Every structure is written in C-alpha cells, then in structure tokens.
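Visitor: Pulled the feature table from Swiss-Prot, pasting it below:
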{"type": "BINDING", "residues": "Gly76, Thr79", "note": "Na(+) binding site"}
{"type": "TRANSMEM", "residues": "4-24", "note": "transmembrane segment"}
{"type": "TRANSMEM", "residues": "37-57", "note": "transmembrane segment"}
{"type": "TRANSMEM", "residues": "72-92", "note": "transmembrane segment"}
{"type": "TRANSMEM", "residues": "101-121", "note": "transmembrane segment"}
Amino acid sequence: MTKLLLVAAGGALGSVARYLVGVQALRLFGSNWPYGTFIVNLTGGLLMGLLAAWLALRGGAQQEHWRVLLGVGVMGGFTTFSAFSLETALMIEKRAYAQAFTYTTASVILSVAAIFAGLLIARRIFSV
C-alpha cells in the first residue's frame, strides 16, 4: 500500500509540473509547435538519467521507495517518454543495438498509428 501512495503522490506532482511547463511554454513560445511536450520529453529524459544514476550510486534500504516515488510517480506523471528513453539507453549500453532500434522505431510508429486508430474508433462511435 505504501508504494501505491508513493506512486499516486509522485504522479500528482509530476502531472502538475507537466501542466505548468506546458502553460509556460505556450506563454513564452506560442502555439505554432508543441514546445511544452518537447521540453517535457527532453527534461524528463535528463531527469530520468540523473535519477537512475543517483539510485544506482546511492543504494540503501530506501532506494526502492525513491525509485517508486520519483521514477514511477513523478517521472511517470511528468512524461512516460522518460521511461521509454531509459529503456532504450539501457539496451544501447548492453550493445543490443538492433533491439534498441526496433523498440524505438516500433514505439514511435505504432504509437502514432494507435492514435489514429483511437481517433477512427471514436469518430465511428461518437459520429464526430
């Protein structure tokens, strides 16, 4: 139960942070490009890398709680792209280049395809 509460609390913080970055990006740069999402994804990747290294070096009994709160919760609420980026980086570090290429290519193409599928289904169901 503790882990669920950590995920929920972290997710709330991450989601609020994502929203605030999006609002600020819109205010600063306008709406002609998805600056907020781009900034969140790049920042999320950087923060996930810092977190992964910190957790690996830190160790200790509370390591799992920090991972759940910050990695799953905060970063999950902030951007799931950071988890995708970490998984890809780990594959590359293991020299699993084909796996990393397949994973990144399939993730991007199939995610965009899934969006179109969802749009199509919603339009048919709701006659939008």
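Heads up, residue numbers simply count up from 1 along the chain you see.
Cβ from N, Cα, C; glycine included.
In terms of burial and nearby residues, how do these features look in this structure?
Guide: Counted within 10 Å of its Cβ, the other Cβ atoms near Thr79 (Na(+) binding site) come to 25, all protein chains included. Thr79 (Na(+) binding site) falls within neither a helix nor a strand when secondary structure is assigned with DSSP, and so counts as coil.
Proximity of distant same-chain residues to the transmembrane segment (37-57), defined by a Cβ-Cβ separation under 8 Å and at least 6 residues beyond the stretch ends, is recorded for 18, 21-22, 25, 63, 66-67, 70-71, 75, 78-79, 81-83, 85-86, 89.
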